[in-house]
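Annotated in TrEMBL:
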SIGNAL    1-15  signal peptide
DOMAIN    71-368  domain 'Peptidase A1'
ACT_SITE  89  active site
DISULFID  102-107  disulfide bond
DISULFID  261-265  disulfide bond
ACT_SITE  270  active site
């Protein structure tokens, strides 16, 4: 059995669908401050261009670089298709986008779904709410055709937000949850499960490659794994229990000293989180050890394969961020939601270093150094 200490895979080749996801670069705030944003968006409106290759089931969608924090991909909803930028989030299970009925200030800055313009739209009376670490929303469940590249889900249940809080300055329109069905706040079947049940994907697997330093080429893959995105072999780590992308962490060390998880703990592998998050007391200790000016020290995460620990180092360059004035900040953050046991969130800071495979068929996660 393998355990994660902080901080094998079959290569499926059939029907792999890749949606490129690009780190987004900070531009929106600068332009908004100069009252230029609306003009730029009107003059350079993004249109989804689809690239297909003969004899291949691969579909790639280019993405805009909007900020330095989120990895966003494009989907369409409705007939004719309406396009949205969403976060592909392993920390949640619901798909939602803003609706025509949403009057929140956050909705006014994002693309809203025009349900009257879709001939395949079907409403329901079901309502739901979701609370995220950085915001919250409430919405209603509806049905329509959703497309992720060449993957098409007809009559897919999804959420339409009627109120949003905390998302005004975010560069994404909505969220596409990739966690298990039991985590769905709307109680609707997640799009991955519907596609899997209908045989639209060859294997119940998806994977992420997240680029570093604003480089191009980030992707989320559905139905298999492309080995060119990682080095060596994938190490498979079983989930603590089926129904959540949470692993057992053996310990977190820094400078060979155990700084967290001394008695073992849990960690959610979350593509929707930018930071590495943990209990406030332990995060404070890490911040003191790092020091704002020294910008150093390497964090290590371990897993166990039988009796051997598997080390997942997180070098300082991955979690030390410098602002425009040269001051250092860390990518460690206190979790807002506390639990009775010690738990962590391994977000994009960790996942930029390690190619990640989420295997629903075997309830496990595969990790390998990203290229």
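Cβ from N, Cα, C; glycine included.
TrEMBL entries are annotated by machine, without manual review.
Nearest to residue 107 (disulfide bond) in space, judged by Cα atoms and limited to the recorded positions 89, 261, 265, 270, is 89. Ranking the recorded positions 89, 102, 261 by Cα distance from residue 270 (active site) puts 89 first. Take the Cα of residue 102 (disulfide bond) and measure to each of the recorded positions 89, 261, 265: the nearest one is 89.
In this view, residue 270 (active site) is surrounded by 25 other Cβ atoms within 10 Å of its Cβ, with every protein chain counted. Each of the disulfide-bonded residues 102, 261 was scored by the number of other CB atoms within 10 A of its CB, and the lowest score belongs to 102. The average pLDDT computed over the domain 'Peptidase A1' (71-368) stands at 90. Within the same chain, residues at least six positions away from residue 265 (disulfide bond) with a Cβ under 8 Å of its Cβ are 248, 249, 341, 342, 343, 344.
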